[in-house]
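This report concerns only the one structure given below.
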């Protein structure tokens with residue numbers, strides 16, 4: 001039992017203040033991403049919506065070592081995909097059965113699996129500068145033959161894109177070196193359709209139209225491939241022409257022939273998409 005004076009003394013004393021919370025210190029710089037969060041989400045200067053560096057930020061990766069950052073991103077990606085689709089990687093390890101062959105541009109802004117919202121194994125891909133498919137290119141011809149004869153794809157898509165640097169370079173009256181040989185494919189299309197292109201006064205719209213005409217010309221080349229002709233007759237293989245707009249992420253379908261009977265000079269009969 002407390003002494004009366006001690007009791008009164010205790011009543012007069014205020015309760016001790018709670019212990020101060022430890023001071024929260026912020027790291028000077030985020031140098032590594034946690035694999036428990038989506039890639040780029042915790043990275044200074046990275047837009048979490050697009051996963052791309054914000055404008056003005058020259059650093060594309062959080063880590064001081066960009067290769068280690070890529071490996072960390074792959075670890076996060078493979079774990080998340082495996083969790084959502086447990087059978088995907090085991091099935092891909094045994095075989096591939098894509099239904100689509102995609103011919104596209106090498107441009108980093110046009111990743112086919114991403115813009116189509118597809119998974120690994122769903123698209124067989126060949127990409128090069130400005131999605132050129134000349135009849136004498138062994139690389140694209142080999143891909144085409146393998147996809148049609150071995151993989152038995154059901155659809156072939158040739159996809160160009162607005163803002164294509166290769167098409168813009170083909171319009172420039174400059175010598176660019178080795179790539180001039182490759183750009184001749186586009187310049188030939190430009191020459192064939194010069195009357196229409198010269199009537200387009202806006203330079204940007206003129207290049208956009210050439211993107212469409214060039215893509216149609218590559219569809220024409222695919223349609224005249226012997227393997228494709230046989231597959232269209234025997235099992236209904238379809239060939240399509242797409243144009244992707246890097247400004248809004250949308251794909252638009254071009255009017256292209258259903259078979260090889262249409263000549264390349266008839267490709268300008270269709271109207272521009274815009």
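Each Cβ is built from the backbone N, Cα and C atoms, and glycine gets one as well.
Feature annotations, reproduced from TrEMBL:
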- 1-10: compositional bias 'Polar residues' (COMPBIAS)
- 1-57: region 'Disordered' (REGION)
- 105, 107, 161, 164: Zn(2+) binding site (BINDING)
Other residues, Cβ within 8 Å of 105, 107, 161, 164 Cβ centroid (Zn(2+) site): 104, 106, 109, 110, 130, 131, 160, 163, 165, 166, 167, 211, 244, 246
CB contacts for residue 107 (Zn(2+) binding site) [other CB atoms within 10 A, all chains]: 19
Cβ neighbour count within 10 Å of residue 105 (Zn(2+) binding site): 25
